[in-house]
């Protein structure tokens, strides 16, 4: 008898402690507060440097705002600058090249070049090659980062696909314990004689069955596998293309520099500019490089556009995801809003969980069951008093275990962390990793555009130093 009294007191203490814990937060909507012990023990998205650099805050991403005016605004904010610079460089170098070849040949070339000037031009051309190689390394790093992001996307998608199974599996211990406790009540003559029923436990079981049924009805394994395969194919093609572009760009810079250095410092008898067989090759490379200058600036403009557009979205990712998905931030119980923002809003997290209905049913039924167990009076269960006392002790133990399992299940499985952690992983992957790598690639292409333009200028000036010297030698030989 003493043991039962002590155990009953423990039940009352557990109920009192639960009321103290949940009493920290009061829900105006009448819901029982849940997930009150939540802590952010995972990475939360913070805008990376690339997103901050390219993005603009205060943009809207509702369906109505994504229109032609919005896209043009992004274009005129940054990409247009690259297009203008590209056209200016291309037209400027083209006009200069035509001037050097035709109408004002002598006026558009260097004359009386000093040795110091030639050395400076040599150093500048070599410096362009070194910078180009560095940019290739940075570009390969951005490519790897983008590939890592691509590899991580299916993994994160799989995490979402695993959520239903995780919820189902986590409910099994609770569900089985509820079933066992119901059997204990129904098969104990003493508890039956004392008028104990299992209605509260059946309510918990019904809520769990509802959750398990919803969870087990979703299977994304085939979708995930197909998505993974398609993404890998795309990433391989993208990576090959980017590596090929970087290789071609670097090769053109190196070839241009080689011909310029060869013309300036090579033996007089085999300089490309003085050798008939090499002149066409020099002209072809020069023409292709000039055309590549224009193409490269246009490609850089496209990447600037993509980098700015993606960074605009990522600069206020939570707000823009809700706008784009048309989640109602003012609506209580909106699943999307809840799992996107529950890490920031304690009241939302504790009082407006989308599973609040089932959670309240479980918590309220568990509390009622604890009261029922505490109120069991075995004195009127004769001739099954001993069985009743034994059954009451079993129910007290079951209640304590149910209380622990339910708290874990409700907070860890149906609470904020399970879903929000995965959401944060998606945003970090798409914004800081994927969009960030696009920003890095954009900077590499812009750098190559500048390097190409300067290499063209320095190489032509360096060639002038040879032609000036070669012209003097040729004039001297004629005079002799």
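For all residues, glycine too, the Cβ spot is worked out from N, Cα and C.
Record note: among 119-142, 143-166, 119-142 is the stretch given as transmembrane segment by TrEMBL.
Checked against TrEMBL, the range among 283-306, 307-330, 331-354, 355-378 recorded as transmembrane segment is 283-306.
Looking at 197-218, 219-240, 241-262, 395-416, the range annotated in TrEMBL as transmembrane segment turns out to be 241-262. The transmembrane segment annotation in TrEMBL falls on one of the ranges 74-98, 424-448, 449-473, namely 74-98. Long-range neighbours of the transmembrane segment (241-262) within the same chain, counting only residues 6 or more positions beyond its ends whose Cβ lies under 8 Å from a Cβ of the stretch, are 122, 125-126, 128-129, 132-133, 135-136, 139-140, 143, 271-272, 282, 285-286, 288-289, 292, 296, 441, 444, 448, 451-452, 455-456, 458-460, 462-463.
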